[in-house]
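The compositional bias 'Low complexity' feature in TrEMBL is assigned to A:1-13. Marked as domain 'ABC transmembrane type-1' by TrEMBL: A:102-292. According to TrEMBL, the feature region 'Disordered' maps to A:1-32. What TrEMBL records for A:41-63, A:106-130, A:137-158, A:170-187, A:213-235, A:271-292 is transmembrane segment.
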Amino acid sequence: MAILTPPQQSAAPTTPPAAPSNHTPMRASSRPHKRLSGLDIAGWITLIIVTVIMAVPLVWMAAASLKSPSELYSVPLQWLPETLNADNYATVGDRLPLGRLFLNSLLITALGAGLKLLLGLTCAYALVFLPFPFKKAMFALVLFTLLVPQQITIIPNYTLVASLGWLNTYQGILVPGLASAFGTFLFRQHFLTVPISILEAAQLDGAGHWRRLWQFVIPMSWPTISAVALVSIVAEWNDYLWPFLVIDDADMMTLPLGLTLLQDIDGMTNWGVLMAATVLVTVPVLLMFLVLQRRLVAGLTAGAVTG
Amino acid sequence: MSTHDLAQTTPATRSRASLHRWRLWRQYAAFVALAGPNVALLVVFTYKPLVESFRYSTLQWNIGSPTARFVGLDNYVQFFSSPTTAQVLTTTAVFTVTTVGGALVAGLGLALLLNQRLLGRGIARTLSFAPYVLSGIAVGILWLYIFDPRYGLLGTVLGWVGVSSPDWYNTSPWALIMIIIVYLWKHIGYVALIYLAGLQAIPQEVRDAAALDGAGRWRTLRSIVLPLLGPTTFFLLVTTLLASLQSFDLIHAMTQGGPLGSTTTLMYQIYQESFVNGRAGYASAVATVLFVLLLVVTLIQLKFVEKKVHY
């Protein structure tokens, strides 16, 4: 069991069957039965320490968001809030148009990730299934952009967006980042494994490219698509630098932008309010991650581990 | 062969050929319709700006203003002779080497640990990866609170072992160290995850064979596991290097390049010069330098590990 076929394995969203592939490497002399060795215990302690380091900041953030000022600024630290009060959240709501920011974030994320997927899918389909004179060169063109940090292009892009009158608009945030190099690359790799005979049969039945893409290729590519979708969603939700440059109207901001706006308002840092806002930015992604982590992981590892 | 035959076949093949050509053109048109938008966007928003950035780097120009003055290579001369450049390059180098190196080493260690059959491994995997999906801004602000010299968690924890917390935000090496620590906290899980996938792609038989040959854990790791992880390491080297050189959110949320420029990386300098100091031409020169640097590093990496990577 547990033999995953190499080309598919990276995209398979299921958990790797843990048992056989994860034997603790053992010395040849030791018996192949599970026995607690010193190394195992040390490993386990390390694991606990790592887990604590990873988890405590997040717990601390949640706890602080519910503390009253006197609890936040007591000098021997007060570990937990005495009563759960939502004052900090109310303050965030007073200072920022929270509903609007949330909707902005949602809209930008949905549109951005959706269009990116569509562009990546159609481009990869064309690159794999259609003839064209400079196909290889075109794929190289797409691939090379993965090595161009988006930030190097910010000044010309800012000038362009400003000259189009797109500052403080959704299209100003969205359009410059729409093209999908990473998605196109992953989709192409996956489409190369799709049996061409199926598409030829569809063609004989008179299906055009659009129908072949939607009715045959996409249904066969769900694991890759959902993985790329999740990675794009996380990236869009967290994107900061570009929206920060393009937007200064509070009504057009996304949640991460609102967070820094809040950071700037106070002369003295009001940690309770900031932590409440941080929770609001963090929780949606964190929840999505907890529910869909396997697919997300499949998406991130798909490009990394070649079969 | 008679003339009769020729008369019959020639028109048929000709029309078949033209039909074929027509089909081909239709497919070209379909190709353009499907791949065109994506490629066009890449050209307009990545390639064109890349070229424009070179042009801007020869200007003395404020990003909002309509006027610009051509200054040739002055911006580059200024960049390479400015005393802040040495500091920025050092900061960038320190930040990049420690974050990339630290994330790779610690991530590999974590992956090896998470690959063992230990109780609670699933929870540890989830938790160590969680920070990676969070907003850099949110993470930066959260950790500012933890580093707060008076009310922060870290000061208290350090106090338990009798160490007093330095004034992280305001003293020179500490601000950068603080950002590096947070960067590692956020990114180690990603590296560990990719390594974990790489580890699980190593067939168990290979390890068994090594064990039969009498190789201990350490030997197996060094002679079998690490070489087999070569392509994974290369992938991680490229991606973490790019991510590290591009990092903006954490620096912006935590120090805004200060104190006294001690956390200003090349990337952050591009932002500051163009959008804060009004020197977009100079910033473009810095961007060009960063791009060339990246290209060189990537080419060197490709040259070295070319044969190990197979897309």
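Glycine residues also receive a Cβ, built from the backbone N, Cα and C atoms like all the rest.
When Cβ distances are compared across the two stretches, the transmembrane segment (A:41-63) makes contact with the transmembrane segment (A:271-292), since 3 or more pairs at least 6 residues apart fall below 8 angstroms. Where the transmembrane segment (A:170-187) meets the stretches A:106-130, A:213-235, A:271-292, the count of C-beta pairs under 8 angstroms peaks at A:106-130. Remote same-chain residues near the transmembrane segment (A:213-235) are listed as 11-13, 109, 112-113, 116-117, 120-122, 125, 129, 180, 182-183, 186-187, 190-191, 194, 198-199, 202, 207, 285, 288-289, 292, 295-296, 298-300, 302 (criterion: CB distance under 8 Å, separation of at least six residues from the stretch ends).
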